[in-house]
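Participant: For reference, the structure I am asking about is given below.
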Amino acid sequence: MSVSACSPGLSVSRPVTDATETPSAMKNFGCEKTTNSYLWLFVLFGNLLRGIGEAPVMPLGVSYIDDFSKEENSAFYIGLVRSSGMFGPTLGFLLGSFCASLWVDIGVVDIDAISINPKDTRWVGAWWLGLLICGGVNFIASLPFWFLPSSLPKEGQNEKMKISHLPVQGDHCKTDSPVQPQLDFSEAVKDFLPALKKLFGNPIFLVFIFLTILQYNSLVGVITYETKFMEQQFNVSVAKAIFLIGVILLPITIMGMFLGGFLIKKFKLHITEMAKFACITFIVAYLLNLLYFTCSCEVLQVAGLTAPYSGLKHLSFPKNNFMASCNADCGCKLDQWDPVCGDNGITYMTACFAGCKSSTGTGKNMVFHNCSCVEGQGHGLGNSSAVLGQCQRESCTKAFPYFLALQTACAFILVLGGTPTYMIMFRTVSPDLKSFAVGIETLCGRILGGLPAPIYFGALIDETCLKWGTKNCGGSGSCRVYDTKAFRNVYLGLIAGLRAGCCLLYIVISVLIMKRFKLDGKETTDIKNTERSTSKEAAIDNKKEILPCARTSEESEETCAELLWHPKAFGLYS
């Protein structure tokens, strides 16, 4: 009953003159409630709290692993953690697909009475259900963190400790059980700016931060709008797009991350080889990414908007001219969007604009008959009909498997170099600044990449909209029809531009690393010289708590300090 059809008897005294023909009483219905609603604040503060809780896990957790594992195993363990962490998004996408297929008002609205399906652009899934489920799972997953020890013996250190406890004649190296240093907040604040200056004085780390920001921008843009891109380009429902990402793309991503860490361990790649490997894989993935532009799809044929009412393609006609002789006496409302697909393969904004005089069936099964605008094109004269929903674009649907295969290949090659890229940061900063470096990298990436990317991606995509919906209280609603070619060029062009900058920065960081480190994989002396003064002071200050064999004499202090500053202490090569 909500779908308006042509009613000639009611249109004589009410000609259509503008796009807002909704009566004022109906127009203002519910407006006061929506304008005074502050429920969005709950979503805002919920995301803030979630971000605060997530922030320490990766920076501190990854540096925790790197601190207490052998250097040759560190990259493998970090790659394992990062790849296994992708199982969460995989299950999340599957859960999101299920929730998106459910109508938002579960248990309140009769599903059989809804005249749209998940493929309709107006469909709203049960977005809130996933938040409740994931919130409960997050709480349960946080409990084991309370039982982690504050420190662990370094991998392989137990054997050394056993040897050190053996009685030695003239025992000059007695050891005491290590005492955990207490956190001094005032000292931490005092050392913050010098540590920050030291980090950003490292040119490799500085380039790495810029690289991270560009990668975050492209990644967040893809995550935010990939499902919308699939929906508009290939006639795929949001629920199906989310499902395919969860079962195909994310497992491939997990494999790539795991394999990247495994290759570092297997071939014992040093820092220069890691940089070359990461650079090559990213450039190959970028070149494959350019093939996305070949996955073209025609614009949805909407009568009066992207196609003339005559149905003849490539015929020039005035845009946004929704009225024609076949529906001039129907009194159609321009602010309504209940699309129907005619027998001629053209979509009409409503059954009224198709000139349909009668209908049979209810809900999703409603069929309209005697549609004058469809008849006017010579299709089924006297018995032309239309069904609810937009017309399908068969050529777009056929191109979707090729797009998915290309996307899978790009994702695998891209993440293959993800773990080597991440290890660059650990191998080029001072050991005592690893956690701080990871925190700065995460902060810069999320603030300068995670915040602006959805805004400018969305603003530019909105420019490709051809038909906006209208809210009950006036103003533009969501987009009903996009110019798919412009959408594709804007979306893929932004990603290609950001990743072109990443390619350039990968080359720069590779050159800097090769200049800083010898080609044989050994550390150059500049690291040792620049980092010796600060870290040596810290080692001497804490020698009683940390360093065995640093007990009584200046000679033993110098011996243990030299052991500490052995190149392998930095974990720079195996």
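Glycine is no exception: its Cβ is also placed from the backbone N, Cα and C atoms.
Computed from a predicted structure; not experimentally measured.
Straight from TrEMBL, here's the annotation block:
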- 320-375: domain 'Kazal-like' (DOMAIN)
- 1-21: region 'Disordered' (REGION)
- 38-65: transmembrane segment (TRANSMEM)
- 86-106: transmembrane segment (TRANSMEM)
- 126-148: transmembrane segment (TRANSMEM)
- 199-218: transmembrane segment (TRANSMEM)
- 238-263: transmembrane segment (TRANSMEM)
- 275-293: transmembrane segment (TRANSMEM)
- 400-424: transmembrane segment (TRANSMEM)
- 436-457: transmembrane segment (TRANSMEM)
- 490-513: transmembrane segment (TRANSMEM)
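Neighbours and distances for these, please.
Facilitator: Panel annotation: around the transmembrane segment (38-65), residues 74, 77-78, 81, 131, 138, 142, 422, 426, 434-435, 438-439, 441-442, 446 of the same chain, lying at least six beyond its termini, place a Cβ under 8 Å from a Cβ of the stretch.
Only residues 6 or more beyond the boundaries of the transmembrane segment (86-106), in the same chain, are considered here, and those with a CB under 8 A from a CB of the stretch are 114, 118, 123-130, 133-134, 237-240, 242-243, 245-247, 250-251, 253-254, 257.
Same-chain residues lying 6 or more positions outside the transmembrane segment (238-263) and placing a CB less than 8 Å from one of its CB atoms are 75-80, 82-84, 86-87, 89-94, 96-98, 100-101, 118, 123, 125, 226-228, 230-231, 269, 277, 404, 407-408, 411-420.
Residues 263, 269, 403, 406-407, 409-410, 413-414, 416-418, 420-421, 424, 488-489, 492, 495-496, 499-500, 502-503, 506-507, 509-510, 513-514 of the same chain lie 6 or more positions beyond the ends of the transmembrane segment (275-293) yet place their CB under 8 Å from a CB of it.
Sequence-distant contacts of the transmembrane segment (400-424) (same chain, at least 6 residues past either end, Cβ-Cβ under 8 Å): 62, 74-75, 78-79, 82, 204, 208, 211, 230, 233-236, 244, 248-249, 252-253, 255-257, 259-261, 264, 269, 271, 274-275, 277-282, 284-285, 288-289, 291-292, 295, 509, 513.
Long-range contacts of the transmembrane segment (436-457) within the same chain, counting only residues at least 6 positions beyond its ends with a Cβ under 8 Å from a Cβ of the stretch, are 51, 55, 58-60, 62-63, 195-196, 199, 205, 208-209, 212-221, 224-225, 425-426, 429, 491, 494.
Proximity of distant same-chain residues to the transmembrane segment (490-513), defined by a Cβ-Cβ separation under 8 Å and at least 6 residues beyond the stretch ends, is recorded for 203-204, 207-208, 210-211, 214-215, 217-218, 221-222, 225, 229, 271-272, 275-276, 278-279, 282-283, 286, 289-290, 292-293, 424, 428, 456-457, 460-461, 463-464.
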